[in-house]
Amino acid sequence: MATLIDNRYGKARVRVLRVFKGPNEYHKVFDFDCRVLLRGAEFSETYLTGDNSKVVATDTMKNTVYVIAQKEEFKSLEEYGILLGKHFLATYSWVNGVEVVMRENQWRRIKTSNGKEQAHSFQRDREIHSVTVTSSRDKSPVVVSGIDDLLIMKTTQSGFEGFHRDKYTSLKETKDRVFATVVTANWTYNTLSVDYSKVFEQFKLSVFDIFAQTYSRSVQETLFLIAKDVISKVPQVEQVHLSLPNKHAFGFDFSRLNIENNQTVFQPVEEPSGLIEGTIKRSHSRL
């Protein structure tokens with residue numbers, strides 16, 4: 001005997017560039033990759049018997065992504081994901097759940113020699129804005145925002161001392177080292193009344209403030225302080241998950257060449273690398 005215990009299906013890698021055109025050719029762009037997955041008990045028939053009568057074609061789903069993008073007004077991809085999930089639930093009564101996953105390329109306005117940001121010319125940043133919106137019938141949508149590929153580095157104000165040592169330990173303690181990492185993070189909300197774009201920018205500010213302005217005794221400490229700062233400054237954020245790989249840059253060994261090492265030349269090492277992760281949740285006081 002074989003039993004189908006779960007199923008979902010949809011369309012992936014739907015590429016969208018949405019341009020909102022305001023007065024005086026002031027444009028706002030959303031450049032993103034979208035994946036839509038549908039759930040529903042009645043979809044089991046297509047797996048078990050080949051009956052496709054309830055199957056919403058993935059081509060239909062792809063077209064819907066573009067139609068809703070043009071039809072609806074939205075200020076963030078989080079809002080767009082909520083609208084898209086609402087559409088599928090309202091249109092197809094047998095759909096019980098919708099998951100919309102998006103990865104947005106970040107474009108900032110070009111600043112020209114006159115010091116002004118241009119209304120419709122953009123330069124792409126490295127980091128990615130990630131969004132997952134899960135919509136279920138008779139429940140509020142669950143929104144998870146995130147960031148990927150935010151590469152940061154500082155060349156001092158970081159150390160690593162006092163760690164456990166045993167017979168397999170070769171790492172030397174240091175009060176001063178290069179600290180580089182690629183920030184991957186996501187966060188959940190305790191409400192849907194959120195300025196999602198503002199929260200995204202605040203998250204980056206918290207990363208920059210903690211990373212640049214505090215001495216790091218460990219990647220773990222820096223991770224916690226970033227999440228703590230976000231939670232303290234954004235009351236709508238309920239939980240933060242961070243992943244920080246330690247992108248090592250070791251001092252080059254000049255001793256082999258009988259040259260003094262003045263700690264200004266380093267050798268970046270891509271792998272292996274440390275990987276530090278943590279999830280921090282808002283504490284609620286008990287009365």
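Just so it is clear, glycine is given a Cβ too, placed from its N, Cα and C backbone atoms.
For the recorded site, LYS11 (active site, charge relay system), the DSSP three-state label reads strand. Taken from Swiss-Prot, the feature active site, charge relay system applies to LYS11 (among others).
The active site, charge relay system annotation in Swiss-Prot covers THR58 (among others). Proximity of THR58 (active site, charge relay system) to non-local residues of its own chain (separation of 6 or more, Cβ distance below 8 Å) is seen for TYR9, GLY10, LYS11, given in sequence order.
Classification of HIS248 (active site, charge relay system) by DSSP places it in coil, neither helical nor stranded. Annotation source Swiss-Prot lists active site, charge relay system at HIS248 (among others).
The number of other CB atoms found within 10 A of the CB of ASN246 (urate binding site), across every protein chain shown, is 18. Annotated urate binding site per Swiss-Prot: THR58, ASP59, PHE160, ARG177, VAL219, GLN220, ASN246, in sequence order, evidence recorded as similarity to another entry.
Rounded to a whole number, the distance between the Cα atoms of HIS248 (active site, charge relay system) and GLN220 (urate binding site) is 15 Å. In the structure shown, the C-beta of GLN220 has more C-beta neighbours within 10 angstroms than that of any other entry among the binding-site residues ASP59, GLN220.
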